[in-house]
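Quick look at what Swiss-Prot annotates:
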DOMAIN    5-190  domain 'PfpI endopeptidase 1'
MOD_RES   Cys120  cysteine sulfenic acid (-SOH)
ACT_SITE  Cys120  active site, nucleophile
ACT_SITE  His121  active site
DOMAIN    198-383  domain 'PfpI endopeptidase 2'
MOD_RES   Cys313  cysteine sulfinic acid (-SO2H)
ACT_SITE  Cys313  active site, nucleophile
ACT_SITE  His314  active site
Amino acid sequence: MANSRTVLILCGDYMEDYEVMVPFQALQAFGITVHTVCPGKKAGDSCPTAVHDFCGHQTYFESRGHNFTLNATFDEVDLSKYDGLVIPGGRAPEYLALTASVVELVKEFSRSGKPIASICHGQLILAAADTVNGRKCTAYATVGPSLVAAGAKWVEPITPDVCVVDGSLITAATYEGHPEFIQLFVKALGGKITGANKRILFLCGDYMEDYEVKVPFQSLQALGCQVDAVCPEKKAGDRCPTAIHDFEGDQTYSEKPGHTFALTTNFDDLVSSSYDALVIPGGRAPEYLALNEHVLNIVKEFMNSEKPVASICHGQQILAAAGVLKGRKCTAYPAVKLNVVLGGGTWLEPDPIDRCFTDGNLVTGAAWPGHPEFVSQLMALLGIQVSF
């Protein structure tokens, strides 16, 4: 994309899983080049992430998230080549705020006046770099006293999706604020979003893959789309548990518990014809959703009306069960090849695993590493553009 942008994400061990991956993949989907670095690590190394979620206790709980692979080397970073900086939250900022090279990097970005977007506990690094003195900012509530001590004009996060802008500084309280957080960052980079007045429906289920619902969901929200999520036998406000599927050297993916995902609409009240596109996440949910006639009828309705349908990983099990793959070119997670072939689809090998394909109104992807292309191809079908 002509005149696009390049941004840097400052990573660390046990940064929050969503707070690194959602901006990382959303920004790439919008045509922005994104580099990720961690002090003491090189391109190809990985950082373990943390899942932070709420289950009724007085504070969040933590469990292991995905392994996040870095694509650049910290010691080789030339800050003059970057147009903006993103700082995820989680536990990583606690120790990164004590790392001199990290603090100096943030100071240099601040002096340049380039946009800095920091979320949740990431603002601890901003405080250590003396970049919040006299500036309005928010953060996860427990970070407030540190920011006040650093001279910030503290904005209380009344809701978890609060975002605050002060000049080139964008801050947010938690990953629930990602849609506005990312949209504000794109705007600060000089981006313009057009064609996003669309309504998108997500077909969800228990133990869908964590990234495969949250990344496209919040990416589309960040563009300005109205995005709804439904699940059979559940209502608005109910939650679906998710599964973290990762590649850790075994013969197949591993599974760990992920975040819980909040639904926005009652399944039984759904008027599917009011939506412009359908998204089907992968994970284990499609195995049982493919047995639900109401779900299959929704898929048939979208395909028969030639509205965009985007399905990833194991989501194509639902497409096969709905009988909509006959004569269509399609990829999926490799283990789903049998479903695709038996369903009459023409199998497209996902090599590499982040390959995505568009055949008419159908976008298919193999796994969550392909989200940037997956979301980008859906944007193309919907006529949504991000320009700089």
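Each residue's number is its place along the chain shown, starting with 1.
Quick reminder: no glycine exception, Cβ is built from N, Cα and C everywhere.
All features noted in Swiss-Prot, drawn onto the structure.
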| residue | record | Cβ contacts under 8 Å, 6 or more apart |
| --- | --- | --- |
| Cys120 | cysteine sulfenic acid (-SOH) | Glu16, Glu19, Pro88, Gly89, Gly90, Ala139, Tyr140, Val143, Ala172, Ala173, Thr174, Tyr175 |
| His121 | active site | Glu16, Gly89, Gly90, Arg91, Ala92, Pro93, Glu94, Ala139, Tyr140, Val143 |
| Cys313 | cysteine sulfinic acid (-SO2H) | Glu209, Glu212, His245, Pro281, Gly282, Gly283, Ala332, Tyr333, Val336, Gly365, Ala366, Ala367, Trp368 |
| His314 | active site | Glu209, Gly282, Gly283, Arg284, Ala285, Pro286, Glu287, Ala332, Tyr333, Ala335, Val336 |
